[in-house]
Ligand SMILES: Nc1ccn([C@@H]2O[C@H](COP(=O)(O)OP(=O)(O)OP(=O)(O)O)[C@@H](O)[C@H]2O)c(=O)n1
Ligand SMILES: C[C@](O)(CO)[C@H](O)COP(=O)(O)O
């Protein structure tokens, strides 16, 4: 499932960031191409914003494995809408992989590694990378109030992968409990389960602010060179 219903406020661009281009292709196309190439995925639910007037230009969205679903006001609303549609197609124990459209640099190897690490896991889990810097918390006026212990501290990335019913029930519970979760794993944790953290690569960035676009372009170019040398 690909949440792609955001408007990209932090990017401050004229169009939703998923339609900004890198090397002549939109972020959306880069991300979808990588997921469509991962043939383990049987179906792709792409969640599109209700006001989105750009998606009709994306030829790739006509792929027979893709089902378009309308998103909601927050990311977890969009994922819930996607799961509602998926619940009519998939079985309760089927795996669902949720990956941000804004993460176009996801490596095939990391997708394979996540599936390998989770296939026998009772809960599921997510890709992440360990924190490398010293982490600080600040007050509303920018003064440091705390140095956060970085031991066993991770950046949560996507994909995040859970069985369909477990994830659907967990997100519905988070909604019922008025707990606005920013990722799928938070909902799973709120339901009392322990997702497995699976180490991925740091180039799996989420394109969020202006500078991220150039960085993603660099990573995609570097990855292409790596593939050529293999
Ligand atoms: N209502 C929403 C909000 C976000 N997303 C998706 O969730 C992913 C991560 O969200 P984020 O990076 O925050 O994207 P935006 O919400 O577009 O960015 P911003 O918060 O800056 O507006 C993105 O692929 C985005 O398209 C979504 O499907 N539905
Ligand atoms: C799901 C996510 O990408 C994991 O880091 C992140 O929580 C998305 O947050 P956003 O504020 O919706 O970009």
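In case you wondered, yes, glycine gets a Cβ from its N, Cα and C as well.
What TrEMBL records for this protein:
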- 10: site 'Transition state stabilizer' (SITE)
- 17: site 'Transition state stabilizer' (SITE)
- 150: site 'Positions MEP for the nucleophilic attack' (SITE)
- 206: site 'Positions MEP for the nucleophilic attack' (SITE)
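Annotated features, which come from TrEMBL, shown on the structure.
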residue	record	CB count, 10 Å
10	site 'Transition state stabilizer'	13
17	site 'Transition state stabilizer'	25
150	site 'Positions MEP for the nucleophilic attack'	13
206	site 'Positions MEP for the nucleophilic attack'	17
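Candidate recorded sites: 10, 17, 150, 206. Those with a Cβ under 6 Å from ligand 2, in sequence order, are 206.
In terms of Cα distance, the recorded sites that sit within 10 Å of residue 10 (site 'Transition state stabilizer') are 17, chosen from 17, 150, 206. Spacing of residue 206 (site 'Positions MEP for the nucleophilic attack') relative to residue 150 (site 'Positions MEP for the nucleophilic attack') is 21 Å (Cα to Cα, whole number). A coil conformation is recorded for residue 150 (site 'Positions MEP for the nucleophilic attack') in the three-state DSSP classification, outside any helix or strand. For ligand 1, the nearby recorded sites are 10, 206; that is, of 10, 150, 206, these have a C-beta under 6 Å from one of its atoms. Residue 17 (site 'Transition state stabilizer') and residue 150 (site 'Positions MEP for the nucleophilic attack') are 31 Å apart (CA-CA, integer value). Annotation note: residue 17 (site 'Transition state stabilizer') sits in a helical segment as assigned by DSSP.
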